[in-house]
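Engineer: Take this structure first; my questions come after.
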Amino acid sequence: MAKFDAHLKCSFCGKSQDQVRKLIAGPGVYICDECIDLCNEILDEELLDNQTNTNNSQQVKKKLPNDNPKKCVPLELTSIPKPLEIKSFLDNQVVGQESAKKILSVAVYNHYKRLAWKVKEESKNSNSTDSQATKLQKSNILLIGPTGSGKTLLAQTLAEFLDVPFAVADATTLTEAGYVGEDVENILLRLLQKSEMNVELAQKGIIYIDEIDKIARKSENPSITRDVSGEGVQQALLKMLEGTIANVPPQGGRKHPYHDCIQIDTSQILFICGGAFIGLEDIVQKRMGKHSIGFTTNSDQNKVDTKKIIDPRDSLKNLELDDLVKYGLIPEFIGRIPVCAVLDRLTKETLESILTQPRDALVKQFKTLLSMDNVELKFEPDSVEAIANEAFKRKTGARALRSIIEELMLDVMYTLPSEENIKEFTITKKMVDNLFSSKIVKLPSGSKRIIKESA
């Protein structure tokens, strides 16, 4: 028995009982005094970190009192911008998408009217037990449109006009709690950071969740395997979209039982979800074209009507709830984003207007860049049209415009800062057609000169 005891070892460090001062036995395990000391040190360090985080959060609260100087949406009903005012501002920043801008203007106006109504009723009933007032529910927004059509820009412009915190989240990085990836609460942390950790201000903000179509479940029928980045994320987002008190870890990452969390009421936050929903047109066309495809169609008039119905450009205007369910969104999720706006695919004419009309148009941006080098940049009308035509061919929406102009202006911006004698440069249609490059000619003396080409 004594020989057997001599071979007892610590289950954690592997040292025998002869190498340590004390070996404590448990049900099938042993731990030495050195490992116990190490555990105590780890616990003391974690306790110290928790106290430090608590002190830091208290300091943040002292620095950010309720009377934060940063402005937010006034909750007086008469001060909330009217839908016509909101759309007018959107018109100055976003070209086209008239229907989507109208839907967004009304939805945003109603959302902040709802917040004003809530504040009014709370103040009215603070000294009364009567709570018979009508409760207004929140209506989140779903934007459906091809890539580069302006979904993110619309949401960002709304937040700029209303002067509220705005955060963008990518749905593709989200996973269900307990799996590798981001928890849905990290979306709220981004909004908090934009609000300088002011909870009251963040609760009046706007969150745009991009690529929402990427969390559609992989098949229409529920799967026996767990879909942690698809349907699982939709389930996790339900309460947040509807309105709940969410616990947000101030440092990000996973929630920890020993770490303090910031509580945010999401019932006042406006969620705008956007996605391209590639393939949704096919689902709509299949549903609408069933009755008039096949041998049962006898009249020529029916054939003409069928072509009109299944036109891909117009099919999403006839979108129904069942189409989104077939695409992979669960009904509970769709029910929490009742306002749906479909964005049009950008035409050549719209792309041409995007280049020149908005306040931050690309042509204006590059003119400003070259003006810093004392060079006046000009675009011939034909060159703007040629750039828009090339962007339309690439089928990536307005995003293609910047890449084309960057490629077109590369040699120009590389050489012009060193050419003090050039005060003006003109982009022509011929430059765009000739693989987007301007000619740089070497003179016999070794100096370089940019030759302007005429159309």
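From the backbone N, Cα and C atoms, a Cβ is placed for every residue, glycine too.
Feature list, courtesy of Swiss-Prot:
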DOMAIN    1-51  domain 'ClpX-type ZB'
BINDING   C10, C13, C32, C35  Zn(2+) binding site
BINDING   P146, T147, G148, S149, G150, K151, T152, L153  ATP binding site
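Quick one: how deep are these features, and who are their neighbours?
Structural biologist: The average pLDDT the prediction assigns to the domain 'ClpX-type ZB' (1-51) is 79.
For C10 (Zn(2+) binding site), other Cβ atoms within 10 Å of its Cβ number 21.
In sequence order, V94, G96, Q97, L343, G397, A398 are the residues near G150 (ATP binding site), counting only same-chain partners six or more apart with C-beta under 8 A. DSSP assigns G150 (ATP binding site) to coil, not to a helix or a strand.
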Engineer: May I ask for the distance between C13 (Zn(2+) binding site) and T152 (ATP binding site), taken between their Cα atoms and rounded to an integer number of Å?
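Structural biologist: If we compare the Cα positions of C13 (Zn(2+) binding site) and T152 (ATP binding site), the gap is 55 Å.
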Engineer: Taking P146, G148 as the binding-site residues to compare, which has the smallest set of other Cβ atoms within 10 Å?
Structural biologist: P146
Engineer: With DSSP as the yardstick, break the domain 'ClpX-type ZB' (1-51) down into helix, strand and coil residue counts.
Structural biologist: 23 helix, 8 strand, 20 coil
Engineer: Give the number of CB atoms, excluding that of C13 (Zn(2+) binding site) itself, located within 10 Å of its CB.
Structural biologist: 13
Engineer: For S149 (ATP binding site), list the number of other Cβ atoms lying within 10 Å of its Cβ atom.
Structural biologist: 26
